[in-house]
Structure formats: structure tokens, C-alpha cells
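Here the structure is laid out as C-alpha cells; the discussion comes afterwards.
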Amino acid sequence: MALPLAGKIIIPILVLAVIGGMVALIVVIVNDQNDSANTTLPPPSTTPLTTPSTSSTPSTEGTTSSATPDTTTEGPIAKETLYQVGVGIADMTGPCVEVNFMGYAEIGQSGRGLHTRQFSRAFLFVQGDTRIVLVTADVLAIGIGVRREVVKNLQELYGDMYSLRNVILTGTHTHSAPGGHLVDLLLDITILGFSRETYNAYVAGITRSIVRAHENIVPARLFFGQTRVSGVQKNRSPFSYENNPAEERERYDGNTDAVLTQVRIEREDGSVHGALTWFPLHATSMNMTNRLISADNLGYAAVRLEKELNAMYQSRRPIVAGFFPANLGDVSPNTQEARCEFSDKICDNQFVLCDRMERCFAGGPGKDMFESTQIIGTAVFEAALEVLSRDGTELKGDLAVMHQFINVPEEVVPKYDPVNRRFITNEPVRGCKPALGYSFASGTTDGANVFNITQGTLTGVPELDGLLGAIMSPTVEDIECHAPKPILLATARANSTIPWHTQIVSATVIWLGGFAVAGVPGEPTTMSGRRIRDVLGDVMRARGYQPRVEVMGLTNEYIHYISTFEEYQVQRYEAASTLYGPHTLEILLNKFAELTAAAIDGGVVDPGPEPEDHRENASSLLPPVILDATPIGRKFGDVLISPPTIVRVGDVVSVAFVAANPRNDIRQESSHADVERYEEGEWFTVATDADWETRFHWERISSIFGTSRVRYEWHVPAGTRPGTYRIVYRGAWRSIAGFITQFTGATDTFIVQS
């Protein structure tokens, strides 16, 4: 049923208020309420970890691999296997200004430029009739809408070779990228609705990366390796983690997984073709105050590794290094204690609160978010490079991808016993209709709500429930199913033209010759990931395989978080954001066990009920670009601030130009501004807006007159060659009639001295 106009206006305003903490009434209200079982498979090894820092010895922390070097043959198959593997990378950068970022749900966090570009990295594995496409994209998450369009593009090129079954898309989970592409109402509402510009940019870039992988297939071998990375993460919800069974927690030496897992793709001549790396880490080193597109810490690690490998091998085609988030749900890169932003006292948004209007959030380890991103990214890059330098264990045997759509609220599955590591077949549990709890509105110490709505809320507020009940009222069944979660937003009960949350999600298992990857459509917590590894590892052991398993978050859809049953009882942010009730993880555990068995045994799984397509019903409040204009006496590209005559390594060169809106041309596979060096009568590009050392800032001067300017910074890095340089800006201006005209501006030359 269509909503009246008043409803269309009231709903977004009210929901934005709940998410962003903008309604004083909500703040006042919330702050004032201040056996008998069947064993499935034997348990995996529980060898303790003792190795500090980065180590070449695979570990059991958060994994199911042995704590001794892995030199065993691969289960029942021990033959040398040569696969066909393609890798591809493409620029997928979206509109860098005037579109809100997806991640922190900060209404005012709209883009104002670029720090680094977004890239899509594709890996294509082929064996006989089996094809697996695995993509990691520099974005918070990918939804079914983008995936459908990417598959449509591929099918237009290659027929039915690619489908929703074997095209697996993931996000690195950066919180510094434009949103509006996920279609589900709640996921796009803080971006002011669906952004066709963002959607088209992501579809184009992801498609291009897969096409390049398809055209770059070579015979290759796969090698598995692991190491540990320390000092780059902390658990941001230790109180929740401690509610897991003591016997389970004693198997591990910490409340985060410090293991980095990698698959190296090696050509027949022994050179590196590409690398896939998994590590549990939130891409939130760039905080909620950032307004520049950034691939954050994992994106930094990927660019560093690609530069290193391409320089090392001088490959004719780019070597691609993809980084995938593992069980990152409660894992923060902000290693310092969370503090109140004004009083500087330690806080946690649950037991120790800041004053009202004072945010509680963490930072570090650097002096600012740029330095912190670089420090964390460097540590992950160095660990990945260290694994690449070792022989590793060759993966041999079959390839398989198992994908199924599941209607989570309709699932009834055996309960899981995490202490004895078994499913209890005579204790069925079920999923719930999607809903978010009160603590969802609290945010986390990675990006806190300005009013400090308390985490760990176990009791609803009647006044607020009544207010929201006019829009979405949970049923008695919902309340009982989600208990002890007090429901804040019963999103399944909202009356709108498109759903606030999906009920049908993807579950995926990728099998790479003895290595299983569980694709989770959201953010599993540390212990949730450990249980997934346990279950898949048991399935592998039962079939004679060494249990090599990794968890891959943000796969194919975004369903917020997946907490354990025990963590759910505490109802911190991650648990309140577990959409389908206390047994969400158990539904996925049962499904992953089924898919893993089918992958190994060569079975076939039912595709499941494909979700409805709501893209045509999505609406937007994002204003378009109307026109661009220049100040009187100026033209587009004129230099407003010139560089100094002489600069040295370590200096920051900052220049400004009369500009137009970058949304007129997002310049995928290109650059808004370059640093160029003059050499032998020609200009050569030495840095673009994709480089870490540059920052591209756009500023609207007058919305009425359509004037704007660009400021471009170049932080002159060590190793810069002395010589003559200039900075070039390329823009595109829009006339009132809608015509786009390209232009270029260039500064005077300047000298770089060592």
C-alpha cells in the first residue's frame, strides 16, 4: 500500500532522528531510564597460541588450522593441480562530493573530495565447467541490487557463464565512501535515499574489474599461508565477549583474532599473479569527521602490496592484491581508549558515559586519522608481504562455489552447543522477522552518537515505543522472538513501497582445493567467526581434510551484525543490530555446514527463494547538480592560490582553482588533479588523486550562483626527484541547459629540491 505524502515526509525525518540522535525527546527519555543431544562431529584441535607479533607459524587463534607448520597432503586428493585464474582491478570511485558516506549514519557526513580512490579487485577461478568470481570492493558493503546489475552486464558479454550463484561480491567495509546503493530503505535513508550516481559508478567499476579478470586468465597454482599481526586491533565490546562460555573463551588467547590468512596465486613460472588476504578489522581508522573518500586501512594495505609486487615482478599486467574483512564485528583499529571529546575522560557508552552533547569515541594509534590509517595499513601490508615471501602449502583438488538464498525468519534449525561443539538436533531454534534493538541507536566507540544513548539497554521506553508504533509496531510474536532485545525499530512491520530490511539473504561457501571460505552477509563478531570456523572445520575433518577455514564478512548483502546467542543477551550495539533474533548465527552455522559438505562431496543445493527486486521503487531526496558558474572576471580552471617557487621533500604544496562540481564527471580510471614533472620537453604524471600523498578538496562557494573552488594538496614524499613540477586540475562544468563542458587549469611551475 502506498504511503500518503505526509507519511513519506514523517518517516524519513523520524528515522533519521533515531539513527542520528537528533530528537531531544528521545534523548531525555532514554537517558532517564538510565541434556540430551546428538553429537555431529569431533571437536577441532585446541592447541594454545604462544607466538607474539608477526610469525610464520600458522595458529589456532580464530582458525581451525594446526599450530604446527602445515605440510600435510590435502585429504583424499593429493595431486598437483593447475587451475586457470584471472585477476583484474578497476577504479570504482563514486561521486566524491554532496553524497553522504555510508557507515557512521552521520547525516552531515557528505563528501567533499578525495583522499584515495575506490577500487574493485576481482579474482576469477576456473576449473572445467566451474567458475568462481570473488570481488573485494572499497565500499562499506555490496547489496543484491548492485550484484544483479553486474551479473546482467556479464551475461550480456558472456552468456550464462556468470550468475548470482557464482559471482560473489564483498566490501572492505570502509566507512568513507558514498552510499545510497543498497536499496533497502534503512540502509539508504541516512544518504537521503537511493543515489543513482553511486549505484552506476559501483556497477561500472565492479563489472570492469571482472571483465579484466576474465581477459587475464592464466594457468596458476594456489598456496595457503597464515601469520599473526599484533598491535592493530582491539575488541570494542569486551563486556559482550565475556558473556560467552568460559570453556569456549579458554581455547583462545585473546578476545580478537590476530591471524592473517592468505591465498597466493602463482603463475607457472613462479611469479605472483595475485593474492587474496583475509584479516578481521574494521575499516574505521578514518573517523566520522572525515569528508574525503578513503579506502581506509585495508585499502592502504592493498595499494602498498600491489606497488611492491608490481615493482618486484615488472609484470606486463597488474598484479592484484585483494584484502577481505574476516570476523570484524567487534574489532576496532582504534587502539587507544575511548574518551569523551571535550572532558577527555575514559568512556564506553554503557557504564561510563560522557555529558550530553559530548561524544565518546576512540582513536589512535597515530596523532590523527590519516596517520592512524597509515600505521594500521602498513602493519597489515607488512604481514601480507611476509606470508607472500614463504612457500606456503599448495592447495590441490576441486574448486566449488555453493550459494543459497535463505528466508531467515522461516528457518528452523538445531541449536548449537559451543562448549561441546555440536548441534543439538532435538532442540530446534528459529529466526525472527528483522528488527533493531534500542542499543542500535547508541553507535559504537568507533563512531558514537552525540547524545550517548546507552549500550546494553534491555528495557524499552513506553513513550518512545508509542511514538514509533505509529510507523512500525512489533507484534507479540516479534517481541517474544527477539527477547531479550527491546525492539526499537520493527523494520519488518513498516508499511512502505520497499522493505526497510530484507528477509532473504545469501549464504555462500567457496571451496578452493582444500580451503573453505564462508561468505557471511554481514559483520560476524570475533566469537561468531570462531564458531563458523569450528563448524566448517569439523565438516572438513570428517571428510579427511586438514581444516583450513576462513570467514569472509560483508558478502553479497548487508544484514548489519551477527552476534553469538550469549552476546545477544547483553544487547550492546552489535547484538542490538543482529536483525533476525538471538539464533541468527545458529541459522548460518547450519547452512554453512550444509553448503561445505555439498562443496566437498560434489553435491547440488537448491538455489532458494530469490529476493524481490525493488530498484525501480527506490526514491531519493538527493538534489542534482543544477549549474556551475564562475566569479565575475574569472574562468573555470583559473589558479586562485599558486604554489611556492621552491619546495622541499616533506613540504605540503597547496594550490586552489576556480572549480566546477566533480559530480559532473567522476573520472573513473582518470584523475581530477595531477602532479606533473617536466623532463626532456614533456610533462610526466608523478601523482594523481588516487595517491596517498595527495588530497583533493572541493568547496561550494555559493549554491545560488553555482560557484565553487578546488584545493589540491601534495605532501611531497621522500624519494621525490628534484626537478620542475606543476599541478594540473581537470574539471567539467554544467550549464543551466545541462550541457557538460570539459576544462583544464594548470599552476605555474615550481622547483622541488632534495
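Every residue, even glycine, has its Cβ placed from backbone N, Cα and C.
Residues annotated as Zn(2+) binding site in TrEMBL: HIS173, HIS282, GLU523, TYR561. The feature compositional bias 'Low complexity' is assigned by TrEMBL to 47-75. The domain 'Neutral/alkaline non-lysosomal ceramidase N-terminal' feature in TrEMBL is assigned to 83-588. The transmembrane segment annotation in TrEMBL covers 9-30.
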Intrachain C-beta neighbours of GLU523 (Zn(2+) binding site), sequence separation six or more, cut-off 8 angstroms: HIS173, PRO325, LEU328, GLY329, GLY553, LEU554, HIS560, TYR561, ILE562, GLU574
Which same-chain residues, if any, lie at least 6 apart from HIS282 (Zn(2+) binding site) yet have Cβ under 8 Å of it: HIS173, PRO325, LEU328, VAL331, SER332, PRO333, ASP446
8 Å Cβ shell about HIS173, HIS282, GLU523, TYR561 centroid, Zn(2+) site members excluded: PRO325, LEU328, GLY329, GLY522, GLY553, LEU554
Mean of the pLDDT scores, which run from 0 to 100, over the domain 'Neutral/alkaline non-lysosomal ceramidase N-terminal' (83-588): 95
Other CB atoms, at most 10 A from the CB of TYR561 (Zn(2+) binding site): 25
